[in-house]
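Down below is the structure, laid out as structure tokens.
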Amino acid sequence: MGDRLPEPHASSSPAVAASSEAEEIEVLDSEDVLPMAAEDHWKALFDQFDPDNTGYISTEKFRSLLQRHGSELDPHKLEVLLALADSNSEGRICYQDFVNLMSNKRSNSFRQAILQGNRRLCSKALLEETGLSLSQRLIRHVAYETLPREIDRKWYYDSYTCCPPPWFMITITIVEVAFFLYNGVVLDRFVLQVTHPLYLKNALLYHPQLRAQAWRYLTYIFMHAGIEHLGLNVVLQLLVGVPLEMVHGAARISFVYVAGVVAGSLAVSVADMTAPVVGSSGGVYALVSAHLANIVMNWSGMKCQFKLLRMAVALICMSFEFGRAVWLRFHPSAYPPCPHPSFMAHLGGVMVGITLGVIILRNYEQRLQDQTLWWIFLSIYVIFVLFAIFWNIFAYSLLDLKLPPPP
């Protein structure tokens, strides 16, 4: 491919390259979405503009193609591509950048490039556009709820197709409600189910005497202390989790959620060794704390309405739920000598949220493997998990801890 630009320059317009695709405008489908295609197809297209096979095309030719065929592109995508073209100081675009955008792989420097080019944009904000359908207004609302940069909001607004829908948060919520209703019928109790003598006999919750049953570190989320516990968790994970999944996808949001759940049960096994644990608070607190931290860190860019009031309401709900869990933990147990479920899972979820969760939410459509902090926090999380595993294997016997009897 001839001589390449040094890495920092090669990535300075990852998304710009994509617009070369404008030459073959007939490839665009009816939805005006830049299509996915095999790399050899894009190589052939790129070679049409690179007759000397240097591996680069000029930004001038790239820009002229955009101007010539821009009317056939979605206007918001055209804004992004023009901004990226303006931000490219090298005067040329490399083949790998071209392929990255065609494959929707936005590199770490994508954001820096669009921020530079964004200074040249003069079009109105997405919020000012009129004549939108109900679904378009919903997508716009979600964009403003979760993304701090206007150009990212426009990119999301044009790219979102609701395929797949936010299935993870909806599915996990339905399953949690179904298990709660089932337990309510079996125990004949819906408020403070945890006080029922048979509650601990369920095979899903985490119990310190049964910690060798590894599935319990995850399945405890399907057991809740009562309808007051389930209700707050369900409301928070639907109001926060569904919009986040719509923007960041099921893979990333499910990772944060599950990581919070696992961290929660392991935190209990390390810091509150005699207590059981129930509820999805570990996963919920991971998502909500990551979202709130992202809002605070991007306060000026977040344009959601009444953000201060809504943050206060979210913090009050989280505090109320955490206070309920602390009160229940130290309330006289219904099945002595085993205490009521621990509240440490909440704190484990928060720690995941403000580390791994924030990195994910701050990097919309960025490749996480390009983020140094991602690897640092992921390494810390893995070290904690390994530490907790060894703690569960050896510490209980070394400390000669008196555990409650198995249920």
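Note that Cβ sites are derived from N, Cα and C of the backbone, with glycine treated the same way.
TrEMBL lists 1-22 with the feature region 'Disordered'. Annotated compositional bias 'Low complexity' per TrEMBL: 8-20, in sequence order. According to TrEMBL, the domain 'EF-hand' annotation covers 37-72. Annotation comment: TrEMBL describes 167-187, 253-271, 308-330, 342-361, 373-399 as transmembrane segment. Annotation comment: TrEMBL describes Ser281 as active site, nucleophile. The annotation active site is assigned in TrEMBL to His346.
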Task: C-beta crowding around His346 (active site), within 10 angstroms - done: 25
- [ ] Return yes if the transmembrane segment (373-399) and the transmembrane segment (308-330) have at least 3 CB pairs under 8 Å (sequence gap of 6 or more), otherwise no.
- [x] no
Task: Protein Cβ atoms within 10 Å of the residue listed as 'active site, nucleophile', excluding its own - done: 33
Task: Other parts of the chain folded back onto the transmembrane segment (308-330), taken as Cβ under 8 Å at six or more residues beyond its ends - done: 194, 225, 228-229, 232-233, 235-236, 240, 272, 275, 279, 281, 285, 288-289, 292, 295-296, 339-343, 346
